[in-house]
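Colleague: Could you have a look at this structure, given as structure tokens, before my questions?
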Amino acid sequence: MGSKQVSKTRNGGFSKLKTVESSASSTTSSSKLYQEASVDSHSSPTSSSVRSKPQLPPKPLQSKENVTVTVRFRPLSPREIRKGEEIAWYADGETIVRNENNQSIAYAYDRVFGPTTTTRNVYDVAAQHVVNGAMAGVNGTIFAYGVTSSGKTHTMHGNQRSPGIIPLAVKDAFSIIQETPRREFLLRVSYFEIYNEVVNDLLNPAGQNLRIREDEQGTYIEGIKEEVVLSPAHVLSLIAAGEEHRHIGSTSFNLLSSRSHTMFTLTIESSPLGDNNEGGAVHLSQLNLIDLAGSESSKAETSGLRRKEGSYINKSLLTLGTVISKLTDRRASHVPYRDSKLTRLLESSLSGHGRVSLICTVTPASSNSEETHNTLKFAHRAKHIEIQAAQNKIIDEKSLIKKYQYEIRQLKEELEQLKQGIKPVSQLKDISGDDIDIVLLKQKLEEEEDAKAALLSRIQRLTKLILVSNKTPQTSRFSYRADPRRRHSFGEEELAYLPHKRRDLTDDENLELYVSREGTPEIIDDAFIEEKKTRKHGLLNWLKIKKKDSSLGGSSLSDKSSAVKSNSTPSTPQGEGSDFHTESRLSEGSALADQIIETMENREAHEDSFHEIETPETRIKMIDQMEILREQQKTLSEEMAQQSRSFKLLSEEAAKAPQNEEIKAEIINLNGDIKAKNDQIATLGKQILDFVIASHDELDKSDIVQAVSEMRAQLNEKCFELEVKAADNRIIQEQLTEKTSFCEDLQEEVANLKQQLSDALELGDINSVTCHMQQSSQSPNKNEEKVIEAQAFEIEELKLKAAELSELNEQLEIRNKKLAEESSYAKELASAAAIELKALSEEIARLMNHNERLAADLAAVQKSSVTTPQGKTGNLRNGRRESVSKRKEQENSLMELKRELTVSKEREVSFEAALIEKIQREAELQRTVEESKQREAYLENELANMWGLVAKLRSQGAANSGLSDSVSETRIEHFGT
């Protein structure tokens, strides 16, 4: 699907994001969806990555099913009612759409919704099962299809009174998270549009003309931005922000018509909490909610940009119809997915292993009967597409280890059951005296022994796999891998600041199974394991919404989100004084790791082997002590991070007010605190080193290597964090230097202005200055100072007023453009009305001429009947009857002509009234344009006057400066005399 958007960063078993793009915890990479794969029990799990593991066809949830197709009728619009539109299509029951004019034309669908159906009912039938499947790991796609102004955007987005499919789906997703305590979820969203065959990112205005890429896993958009979401309100705010960048325009059918296809993708990642029956598999799915642009009818008289947009929309929708026709035709060898970007992104949905729901919105009006029929035929073809839903599961090395451990427990339980089943068999053997029964019991006993041996061998083989998989990731933890990993939105360095991040994940796996020196597996105390699991929090557990405290849930989530934002961004400034502390911590961390390794090597060189075997109690005690030291070190690190953030704020305040001594004192105190924290961290490191050296005799060699490798990993992570902070400190130092230089420049400029002001104050009256030079130098003229200050204030006011006038001028220009467009539209309507009026006048003239001819014929007939002699009429009675019948027919035709003439005159009067109304509206628009032009000219004159006044004041200032020069020369001459 289109949301498999990746910027091709692949780091090992599953694709993992290592950088955060912005402080909003957004990402520009996305994951690949892998189907559940079976792993051979004879292969080592350490060598099985997602691509190297054998890929089998996904196990379907059920048999093949068809695309869910529903039809929704919208009510007649007021415009259609005014025009007298009739119902051409209607819902015949809950599943059939029938034509009003031809009852034999009917189509059957999964559900048909009438005009009075609410969007909530549509969601319950057409979308809810797709959303539930997506939360369970099955890909889902819901899209609305129909002609323009048929109600697609209303169905998908809705309004405050009637929410659409997208808000309802988001709300249901978070409700499912709240109702699923055994799994933890991570949700990411992306939102983009296809406008004129160009993919634009709606969440990132800079992401324009993005490219569609393909690899072995499918189609994705390169560089698309994803946002990690924490609540329904967060998702809806992102949708609202994206809608502001969507292309919308007015057409003859709709004032606000969508001019692009939009696709909202919700990526759902979930993992189990604690033990589960699936071996710790991670579900990764995508829910795509698509709002297609409406197809443009040939009746729409568009031009320019609207015509171009309509051609691109029709092309993509025509390609979509062709693709659906090919998919329903089993003889088709080629499906043209690549003919448009819409079908290219929908390829995995229409031909993959996910659920698809199509909502067709139609209008029952007779004027759109043909377009409605085409939409119904499209929906009927889509109904025959077969799909097969399947869960997307990802199993990494840790999940495989948990799966093997679960299998070992099951096999041991089976072994215990077999042992319990053998005892009654031996008792029956002693009791029975029949030889046949003895033979049968012996055979059964041999079979049980063989099964027991097979189970023991399988347990040993799985134990070896666990040992290998536990050791191998430690050695390759810092090495680069080329295989793709499952994508996470939070890296290890980002999760370090989350409130429940623990480092006992590997300890829990190591405690799960203890293997003695003889190779016999021993399970550690279950009570201790349960205690460890209750203290452990999942990487995604912080995202869950608690039922009891729903009112505080949003605030807590937002606080956690802000914590992630402030700590995960690589470019977060930390202040100027912590750079040397960062470098010292780096050196101390690397030195501590090297010292531990050297100590181990020296001790291993002198000792050949350990004489004591480690017990589970000793291991538990050592792990607890190490965990306490690590928690102390983690607490100090968090306190130091908080102090670094405080240092950042103080640095910003110092940049704004460099003369504030209190801020400088606080910065110095913070530097001292940070240095003290560094010393405490170094002390803890030494304590950990002493603890490792003291407990070296009690630990096994493999455990020491593992502990040191874990400590080295932690130190390397801390070093990486400190490197990031050092870079941030350098950046903030440069910013602070720039601010300081800028403040110095401002101070110099203020000094120059003060000097000019003092010179202007000394000017005043030349005669008084020459007579009282010493007195004027000691006490400056306050009145002149007030005048200059008033002039400066007036200049500032004039500048502000000029800026306001310029903004008002721009607004008036925009308004003039809109009025000009409306005027052109009114002119077009007036011209069309004039053409129609001309045609009507010609028709009226023709009817009048015809009426005159008929009147002349009638007069001639009447005259001939009057002048006819009585004798002749008496002899031709039959002819008289015929003439009377003809006369009646002529009178009837005359009455019909009179009625037609009356109707035509009434139509002429109505058209004349409409024309007069159009002319009046055009005159009003022209008057409005003239008034706006006059106001624009007036504002331009005012602006010119303002600029002239500013120039005049500047010239006065220059004259005052020249006068000050002359006064200074006079002063020199006066002192010389």
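Cβ atoms here come from the backbone N, Cα and C positions, even for glycine.
Per Swiss-Prot, ATP binding site is recorded for G146, V147, T148, S149, S150, G151, K152, T153. Here Swiss-Prot flags 386-471, 626-688, 732-942 as coiled coil. Per Swiss-Prot, compositional bias 'Polar residues' is recorded for 1-12, 563-575, 864-876, 958-967. According to Swiss-Prot, the feature compositional bias 'Low complexity' maps to 22-31, 38-54, 551-561. Look at Swiss-Prot and you will find 879-891, 968-977 tagged as compositional bias 'Basic and acidic residues'. Taken from Swiss-Prot, the feature domain 'Kinesin motor' applies to 66-385. Summarising the annotation, Swiss-Prot assigns region 'Disordered' to 1-66, 549-589, 864-891, 958-977.
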Colleague: For V147 (ATP binding site), list the number of other Cβ atoms lying within 10 Å of its Cβ atom.
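Modeller: Taking every protein chain into account, the count is 24.
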Colleague: Determine the Cβ neighbour count for G146 (ATP binding site): the number of other Cβ atoms within 10 Å of its Cβ.
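Modeller: The Cβ of G146 (ATP binding site) has 26 Cβ neighbours within 10 Å.
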Colleague: Over all shown protein chains, what is the count of other CB atoms within 10 A of the CB belonging to K152 (ATP binding site)?
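Modeller: Taking every protein chain into account, the count is 26.
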Colleague: Per DSSP, S149 (ATP binding site) is which: helix, strand or coil?
Modeller: coil
Colleague: Using all protein chains in view, find how many other C-beta atoms are within 10 Å of the C-beta of G151 (ATP binding site).
Modeller: 21
Colleague: Across the coiled coil (732-942), what is the average pLDDT of the model, as a whole number?
Modeller: 74
